[in-house]
Amino acid sequence: MSKAEKKERAELTIREMGLQDAINTRIGGWGCKGISGGQKRRVSICIEILTNPTLLFLDEPTSGLDSAASYYVMKRIKSQLDHNDGIQRTVIASIHQPSAEVFQFFDNLCLLSAGTTVYFGPASSAIQFFASNGFPCPALQNPSDHLLKTINKDFDDQEIEVDLTAATSGGASPAEEAIRILVKSYKSSEMNQQVQKEVAALSKKGTSSVEKKRMHASFLSQCVVLTKRSFVNMSRDLGYYWLRLAIYTLLAISLATVFYHLGTSYASIKDRGSLLAFISTFITFMSIGGFPSFVEDMKVFERERLNGHYGVTAFVMGNTLSATPFVLLLSFIPGAITYFLPALRSGYDHFLYFICVLFSCLMLVESLMMIVASLVPNYLMGIITGAGIQGIFILVAGFFKLPSNIPKPFWKYPLHYVAFHTYAFQGLFKNEYEGLKFDGGLTRKKYITGDEILRDTWQTDMSYSKWVDLAIMLGMILIYRVLFLVIIKTTEKVKPVIVGFFNFFAPKQTVHVVENPNATLLHVELA
């Protein structure tokens, strides 16, 4: 489709859902109120019907809407079936307390009670079916209310009007008896037999009748659109990068004033190392603050991925490209403040190397937290997991405990070489100390060279240059992003198998979920 056609389709869908007054309003989030809950519900429906799908599943599309909005929303959804393009469309919806007008939009109705089919057939025939079994709908009552009240057995003291032929027996509650009568009647009905015939006929056709997969946008188009959307989302979310930039800048000013103008005295040897280690550990450590935003991105991705809108590779590429300019900003502004005021190594080539290492550290932490978000989609547990991994990496990187003193089993081999902080320390130390001379101090030497400090004080591996350290970090960014992609693809294939395996062996039991009215929406109690 051309861009003009896409825009026309989007505007038409917006008008159909009655959202024309909110067309230039942001959806909203924790930093912006945005549109109302009912409008958000309608936007969700817009997203689903935008592509005119042949099969559409809607879970309680009228929740949060008033009666008028519910009527018009369902009317628009119903109109999606009536396109004159020769395509048969099906909408399957679970409905929440439909009005009589909304109930009339349904062609077929399925009523379930504890997983058992009570009725499945034309919605217009449901009232007649219930009446023929002794459960007539009272005059002036909403048909859907009557149907649900009749088969609801959560409240044993409910009163159900039955005739003499539907008298209860065996001490069962009225609702249980009503359900037993309706289930028995439906199983022996002609409607059920017709359904079984249609299911058998469809099963014989196999997969030959399945519609061919529709064409998608090219990979390049997917990457461009996802990059643009992710960039807009990041720029609008105050907690994604802007709050971190403010905190990083404040922290950089604090570091610059504490370590102001270090000079080349003997004491500055330790101060320079402490400053560089703090920058490459604590500032990057604070990147876990963006984890909640990562989780929200993953939720949107999972929903859109299940709908088949785009591929995993395009999503990873879009996220990486959109994050790059923000991470550069986070690296350059605080990095410049921290670098020049303490008077670290002069020369713009050294400064640019310093920024490149800081950028690599931040990108690595971003990549690490994306991996954690794909495995642990919980705010608290994800932040704890990411912080724990980074804490271990920092511990064995070679600053708090020199490389020769790190226990060799596991901690040094392989963890010391797996931690990206190891190469950040080595690269920054080489960039700072090589070529410098410091006062001898207590060593009784006139001066100490930077190479001596790297070799003896920090035990830095001098067998390769600082550029190799930077190249290793850039390579680790690529590895982390590829690992993120592989985890998503693997999860898509393995998760249904694991869930099906545990569901197969899990004991069959009924769990009633009771919401605590005094708690937030995130808390439920199990009864």
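Yeah, the Cβs are placed from backbone N, Cα and C, and that goes for glycine too.
Automatic prediction, not curation, is the source of TrEMBL annotations.
Listed in TrEMBL:
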DOMAIN    5-63  domain 'ABC transporter'
DOMAIN    96-151  domain 'ABC transporter family G'
DOMAIN    222-433  domain 'ABC-2 type transporter transmembrane'
TRANSMEM  241-263  transmembrane segment
TRANSMEM  275-295  transmembrane segment
TRANSMEM  315-339  transmembrane segment
TRANSMEM  351-373  transmembrane segment
TRANSMEM  379-400  transmembrane segment
TRANSMEM  467-488  transmembrane segment
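The transmembrane segment (241-263) makes contact with the transmembrane segment (315-339), as judged by at least three Cβ pairs under 8 Å among residues 6 or more apart in sequence. Listed as Cβ neighbours of the transmembrane segment (379-400) (distance under 8 Å, sequence separation of 6 or more from its ends, same chain) are residues 273, 277, 281, 284-285, 288, 291-292, 294-295, 365, 368-369, 372-373, 406, 411-412, 415-416, 418-422, 424-426, 458-459. Sequence-distant contacts of the transmembrane segment (351-373), counting only residues of its own chain at least 6 positions beyond either end whose CB sits under 8 Å from a CB of the stretch, comprise 279-280, 283-285, 287-288, 290-291, 294-295, 297-298, 319, 323-324, 327-328, 330-332, 335-336, 339-340, 344-345, 382, 385-386, 389-390, 420-421, 424, 427-428, 431, 466, 469-470, 473-474, 476-477, 480-481, 483-484, 487. Each residue in the domain 'ABC transporter' (5-63) gets a DSSP state, and the totals come to 28 helix, 7 strand, 24 coil. Taken through DSSP, the domain 'ABC transporter family G' (96-151) splits into 23 helix, 13 strand, 20 coil. Confidence across the domain 'ABC transporter' (5-63), taken as the mean pLDDT and rounded to a whole number, stands at 87.
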